[in-house]
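Asker: One structure, pasted below without further comment.
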Amino acid sequence: MQRGRKRKQAHIQPTTKSPKTTVNGDKSTAGYPFPDHPKPTPEECRAVRDDLLTLHGFPKEFIKYRNQRLQIDDRECDDVRESVLDGLVKTILSQNTTELNSDRAFASLKSAFPTWEHVLAAESKCIEDAIRCGGLAPTKSSCIRNLLSCLLEKKGKLCMEYLRELSIDEIKADLSQFKGIGPKTVSCVLMFHLQQDDFPVDTHVFQIAKTMGWVPDVADIKKTYIHLNHRIPAELKFDLNCLLYTHASSSKLDPFAAKKKRMSDKVRNMFYHAYDNYMMYAFPHDELKPLSKTFTNSLSELGNLNLEHLPQEYNGSALTLIESLSSLAILGNHTEFEKAVLWLSENLTFNVDARINLFECNIRVLGGLVSAHILATDSTNRLAEGTYKNELLVLAEELGRRFLPAFDTPTGLPYAWINLKHGVMEDETTETSTSGCGSLILEMGALTHLTGDPRFESAALRALRKLWSMRSSLNLLGTTLDVQTGQWIEYSSGIGAGVDSFYEYLLKAHILFGKEEFWRMFQSAYLAVQKYFRHGPWYHEADMRTGRATYWQLTSLQAFWPGLQVLLGDVAAANSSHREFFHVWQKFGVLPERYLLDHQMLHPTEKYYPLRPELAESTFYLYQATRDPWYLQVGESIVDSLNLHTRVEGGFASVRDVTTMELEDHQHSFFLAETAESNQNELVQCRYKYVQRPLGTADMTISCLRVFVISLMLMMTIDVSLMRIVVSTRPLVDEDRVAWLATVVYGCPYERFVMWS
């Protein structure tokens with residue numbers, strides 16, 4: 001291996017010349033993972049390099065590194081090149097973040113500490129504060145401190161220029177001794193900072209190499225790295241690597257990528273416009289009033305539009321912040337997420353004299369806390385070692401315990417309202433909804449699995465089983481019932497308000513917990529809905545006892561149904577209904593709360609639109625399942641409508657009347673967790689923390705209402721790799737069902753996203 005090589009090439013030009021040397025100057029295949037795989041040949045490498053150079057030009061972000069490699073003599077090179085230690089730390093800071101954020105973090109670190117000796121002598125917290133803008137501050141701080149400490153111990157000084165005199169193999173052996181320095185980091189340092197001819201392989205390069213057939217289908221990233229470094233000529237490695245990375249992440253790979261990026265940026269802007277205004281004018285109160293730029297302490301208002309039970313001394317529980325936690329994490333804002341988690345763990349209490357709606361508080365607060373706990377303890381978002389001690393789970397468990405008195409009824413069906421401090425109040429109403437007692441299993445089941453306390457899941461499951469036992473002979477349920485007697489009050493029901501989340505939770509509980517009991521309930525209920533409620537693309541309401549139609553109306557909450565049908569595999573039916581919902585959206589600019597199908601007119605008193613996310617969520621699922629670009633157009637239309645009609649200087653306001661677009665001074669907390677999320681859907685990861693979002697009601701174990709920003713962003717930002725599946729027009733069953741669920745939601749094997757079975 002040559003050392004200290006001088007590169008005299010002044011420009012990189014496309015060429016068709018044959019390579020001067022064999023691959024890496026060595027034809028031996030001993031010790032390589034795919035000795036019989038003939039690709040890529042030197043000619044193929046050169047052709048791809050030339051084509052990509054013609055297509056893109058040389059990527060601007062890599063020009064400074066190319067210039068370092070092209071210096072004519074060592075003196076000039078010494079003048080411009082950064083130290084090896086600087087380059088290694090930069091590479092560490094670049095992990096799991098953008099180049100802009102990592103550059104900011106490095107500049108902040110150098111500004112705070114004049115020398116590496118100062119960094120080594122500093123406290124961990126000071127280093128973390130300096131690099132926090134780059135994300136994963138505790139992990140990266142620990143890695144940097146360990147690197148400096150070991151380097152000083154080994155070499156007696158904080159300098160790594162000695163690496164310039166070593167061979168590639170010697171450099172790899174040396175750097176691998178430092179804790180936290182992995183093969184990809186070593187490879188990047190070799191290529192970018194030591195000007196060695198190595199070929200890093202990240203996810204982008206790996207995927208495109210497999211697409212071109214340069215590695216076998218069985219190859220993983222590690223073996224791909226070894227194989228490509230053996231096959232690609234040394235003089236092409238730097239140019240080809242930079243160009244492949246650029247090409248893999250460019251719009252040239254996806255004709256809709258530019259549109260997705262533009263819409264992604266729009267939705268990010270929407271989220272932060274809503275979030276920043278909440279933090280400025282309303283935090284730590286519950287919700288923002290965007291027109292007056294004030295706040296409301298609305299926890300007791302949830303589910304109670306008359307506002308008759310507002311506590312006088314209640315000062316808010318940062319409801320919007322709790323609902324925003326998952327969105328912050330998915331948007332990659334680890335700094336703000338960490339600040340929010342720490343604030344909640346130190347300040348949130350539920351020992352308040354406030355009467356709350358069990359259903360709403362469960363899906364928003366309990367779900368938000370459980371979700372945030374999982375995110376805080378996940379390895380990719382973990383808080384600083386020792387600073388997070390499950391405080392959010394402790395809060396969630398406390399809230400869950402305060403819920404339990406609501407289930408103390410002869411039937412096991414919970415009261416709809418409970419006082420957080422005093423329990424069920426005297427003369428409390430015994431009326432509740434099907435959703436109110438049948439949509440608790442996700443959050444409370446997850447809480448049991450996280451804490452080991454069986455009471456939460458047991459209470460929710462008992463209520464669900466009791467409710468299911470009250471179904472009619474047609475497998476239909478009513479809308480409201482009495483928790484003391486177990487008798488129905490309202491026999492008419494549909495798939496909208498008061499019942500909607502019951503169906504969602506059955507299917508998603510099956511997905512999350514893997515229990516066939518939930519699937520059998522859902523399958524029977526779904527077939528009954530299709531038989532008695534469906535009329536063409538629409539769903540009317542019917543009497544649970546006879547199946548006869550009662551009310552012919554569309555309610556905005558029904559828009560979740562196409563998304564649920566996609567998870568089931570009934571895509572044709574989902575597409576049919578979704579198009580009708582979107583037609584109504586186009587007619588009014590947003591989706592009204594209630595639309596009379598038999599008269600083709602708005603309900604005279606329910607003309608409002610409270611920024612609901614359900615249509616955007618269903619749009620995301622349908623795009624995932626079909627890849628039809630029409631759904632991208634729908635997503636864009638939803639985003640543009642929200643910005644046109646509901647965006648104000650102080651946030652996003654609900655629409656009081658869709659005919660006049662008169663606004664209401666209220667930004668619902670779920671807008672940042674659902675509406676913005678369903679538009680966002682930027683990161684589909686089959687880790688449990690994201691099962692929440694893509695699965696729909698919201699958090700999947702978490703807030704049943706937490707999906708808007710994510711769905712639109714996911715749809716706009718990335719093209720999730722899905723298996724090609726021939727979609728039937730009937731619901732899927734058995735192994736077909738689980739394969740479909742795994743594929744349409746994540747593009748991954750089923751067993752990877754069922755956390756508890």
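Note that Cβ sites are derived from N, Cα and C of the backbone, with glycine treated the same way.
Summarising the annotation, TrEMBL assigns active site, proton donor to Glu360, Glu593. Taken from TrEMBL, the feature compositional bias 'Polar residues' covers 12-27. Taken from TrEMBL, the feature domain 'HhH-GPD' applies to 93-250. The feature region 'Disordered' is assigned by TrEMBL to 1-42.
If you look at the structure here, what lies around each of the features I listed?
Answerer: The Cβ of Glu360 (active site, proton donor) has 22 neighbouring Cβ atoms from other residues within 10 Å, across all protein chains displayed.
Cβ environment of Glu593 (active site, proton donor): Thr555, Ser556, His603, Glu606, Lys607, Tyr608, Tyr609, Pro610 lie under 8 Å away, each six or more residues apart in the same chain.
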Asker: Mind looking up the mean pLDDT for the domain 'HhH-GPD' (93-250) in the predicted model?
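Answerer: A mean pLDDT of 86 is what the predicted model shows over the domain 'HhH-GPD' (93-250).
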